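Visitor: My questions all concern the structure below.
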Amino acid sequence: MESEDLSGRELTIDSIMNKVRDIKNKFKNEDLTDELSLNKISADTTDNSGTVNQIMMMANSPEDWLSLLLKLEKNSVPLSDALLNKLIGRYSQAIEALPPDKYGQNESFARIQVRFAELKAIQEPDDARDYFQMARANCKKFAFVHISFAQFELSQGNVKKSKQLLQEAVERGAVPLEMLEIALRNLNLQKKQLLSEEEKKTLSASMVLTAQESFSSSLGHLQNRNNSCDSRGQTTKARFLYGENMPPQDAEIGYRNSLKQTNKTKQSCPFGRVPVNLLNSPDCDVKTDDSVVPCFIKRQTSRSECRDLVVAGSKPSGNDSCELRNLKSVQNINCKEPLVSDEKSSELIITDSVTLKNKTESSLRAKLEETKEYQEPEVPESNQKQWQSKRKSACINENPVASSNQWQIPELARKVNIEKHTTFEQPVFSVSKQSPPMSASKWFDPKSICKTPSSNTLDDYMSCFRTPVVKNDFPPACQLSTPYGQPACFQQQQQQIPATPLQNLQVLASSSANECISVKGRIYSILKQIGSGGSSKVFQVLNEKKQIYAIKFVNLEEADNQTLDSYRNEIAYLNKLQQHSDKIIRLYDYEITDQYIYMVMECGNIDLNSWLKKKKSIDPWERKSYWKNMLEAVHTIHQHGIVHSDLKPANFLIVDGMLKLIDFGIANQMQPDTTSIVKDSQVGTVNYMPPEAIKDMSSSRENGKSKSKISPKSDVWSLGCILYYMTYGKTPFQHIINQISKLHAIIDPNHEIEFPDIPEKDLQDVLKCCLKRDPKQRISIPELLAHPYVQIQTHPGNQMAKGTTEEMKYVLGQLVGLNSPNSILKAAKTLYEHYSGGESHNSSSSKTFGKKREKK
């Protein structure tokens, strides 16, 4: 009897084991098929339009875009000009498809923005700064974004700017803080790399270790049959977190392509993996490495979407699985029902999803309330409020019943207010060291700090002087602040200053939070910061008469002699030149001390560089008008013996439809008896740099310093490059990526500049005359002002205007002597019939018309 029972049990066990093996083989085949299809989709580098369309139509998530872009980048080695342009185009397409206000807190989106800026730095370093600034503004919480920007500035020789970026990142509370501290230390040690490879590995290990400790302390010990850990998997995870460029196969860890899940009607979790359901796809599973890696939960702003990377124990040979039959306690999430073990590993069956009804959800909340006091570390209330304020509009689930089937296993590492939030929010990094909270600067309205950053560049000088939408009156009393402890002068007699065209506006600011600046006793209320660069900042301000101005503040505490001379020259040039031309930016007032400089200037709308980036096509008349404005402005400075030497679109500001020249910081004044000057250092922008400046850098040397010979014809070349950009949408040598090759092409007479055919032949002639490499053969500014391109065709127009005036005089003369309405009506009808017949006014028609009127 006992033998029969034993044999029956063995048969039952054998049948169960066969079923388990069948299920295992089924999952293996499904995973292999999915991986092959995923590789097939993403490995095609010739035409990815199909994959891109699928991404945009399906999830349109940063993770999918990043996976595709990294695969494209891997297959683009070695990187040629064509492949680089293609990569940049795909990155640009991804950024356009992902709104920053929605994905600003997403790490993958931050990596896309940073990598796009790095690729632009290879192709066009002059424009890369704008894209780094855009990434920094959109993804300010990630330390690797700030470090990448600082590394770029360091590579350009801007050590002070690099340090400023890192310090501001620390003040903003970017994480991880250790990374920023290491970068600052390396910068102070004058190292070329802010983060070395060894430091990256150290950061990787420390980050993973810290996260493991936090994971084990909050969720409890995860029991694994084999606790061996693949160090490569850990390092790869952490490397991915702080933005290091990795191979696509490593980058896919935790970023399972959503295209893969959409093809399945129902998925079961693979053996040995903990199921976590994404809010946007209840049936999808998360595939991980075979290593024990802690849980990193990412925050996003897309419809309460959180992507969790939950990793189970490693499997020695077979596949492990478990089943969550009942959710009885949040405190211990372990499998309590062991099944029959295999020869190599025990088998635990897990369900593919966890569904909570309203009753279960309420019990879960009660459990959480009970366990919060002794399970979770205390979080400062200020940080919790700040976290909630950032996610308030995007992470509140308004229908808990509808989303109950999308519940996720939370990481009990932070204190969560269940009454206000139904979505568990976690930081991207689990760091033991608390990051300092963001401190509001004394220069800003606190509300402006929390504002969603714009995607436009904020770093250009005089960038985007936009008139704010204003509603409230000027505050009767505002807090006066002068930087660095300088007292404001209130007792001086205020005098009238000319008003800008933007007048009688109201201020959108609170009367208590708005700060003011005092310049020579005049009080200006700060509206917002509109530009910054180096040690200077530009603010849009309002005076007591509701007039808009721009105040440029310069901190002189760390300024060297060259910087001091630069600003003094700028003030002197503006005072001198604004009296002779309205194409020069207006300087209304200024104040200079040993610690700072204030310059009250005219406030414009937008600089030419930003305007050109926004415009897809330029109206020919608009281009001609702006070209004439530029010529008149440069002609004015040349007449007073000044060569600008660094003309580019950012040096021109659009004010009420007119271009005005700004930024004389590096301009040089020529001696009266010379026709050219020699600069101590070459400072022009490469894309707009004249050939003679490049040649004389190497040929002319004095006292061990390279010299650059410039003349008024140098500004003509730069103006020609600007006009070329306005005509063809790029500079003449922008297509050359390598900077050394670009410099050689500029000075090489055998390198022909392309001038594609355009309808305006006179415009094409202007471009050819401006872009001649020999300064002696290059056209001058007076000749450009007399060129037919800038001359409106006056002769036909004058004749037409003259004829129209005569006709109008004739018509009025016929009507002026009539008194009765009937006579006026008859005369008007006769005139209408006369001109409708195509006849023009002449002496014979005048006599005929007079006879008709006499008869009538």
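Positions of Cβ are set from backbone N, Cα and C atoms, glycine also.
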Visitor: The ATP site in Swiss-Prot lists Ile530, Gly531, Ser532, Gly533, Gly534, Ser535, Ser536, Lys537, Val538. Which one of Lys520, Lys552, Lys576, Lys583 belongs there according to the record?
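Guide: Answer, per Swiss-Prot (ATP site with Ile530, Gly531, Ser532, Gly533, Gly534, Ser535, Ser536, Lys537, Val538), from Lys520, Lys552, Lys576, Lys583: Lys552.
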Visitor: Of all the recorded positions given, namely Ile530, Gly534, Ser536, Val538, Asp646, which is spatially nearest to Ser80 (phosphoserine) at the Cα level?
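Guide: Of the recorded positions Ile530, Gly534, Ser536, Val538, Asp646, Asp646 has its Cα closest to that of Ser80 (phosphoserine).
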Visitor: By the DSSP assignment reduced to helix, strand and coil, which category contains Ser80 (phosphoserine)?
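Guide: Coil, per DSSP.
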Visitor: Using the residues the record lists for ATP (Ile530, Gly531, Ser532, Gly533, Gly534, Ser535, Ser536, Lys537, Val538, Lys552), what whole-number Å value is the largest Cα to Cα distance?
Guide: 14
Visitor: Taking the recorded positions one at a time (Ser7, Ser80, Ile530, Gly534), which has its Cβ surrounded by the most other Cβ atoms within 10 Å?
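Guide: Counting Cβ neighbours within 10 Å, the top one is Ile530.
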Visitor: Find the average pLDDT over the domain 'Protein kinase' (524-790) in the predicted model and report it.
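Guide: Taking every residue in the domain 'Protein kinase' (524-790) and averaging pLDDT yields 84.
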Visitor: Round to the nearest Å and give the CA-to-CA distance linking Gly534 (ATP binding site) with Asp646 (active site, proton acceptor).
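Guide: About 17 Å separate the Cα atoms of these two residues.
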Visitor: Cα within 10 Å of Asp646 (active site, proton acceptor) is the criterion; apply it to the recorded positions Ser7, Ile530, Ser532, Ser536, Val538 and give the hits in sequence order.
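Guide: Checking each Cα against Asp646 (active site, proton acceptor), there are no hits.
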Visitor: What number of additional C-beta atoms lies within 10 angstroms of the C-beta atom of Ser536 (ATP binding site)?
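Guide: A count of 20.
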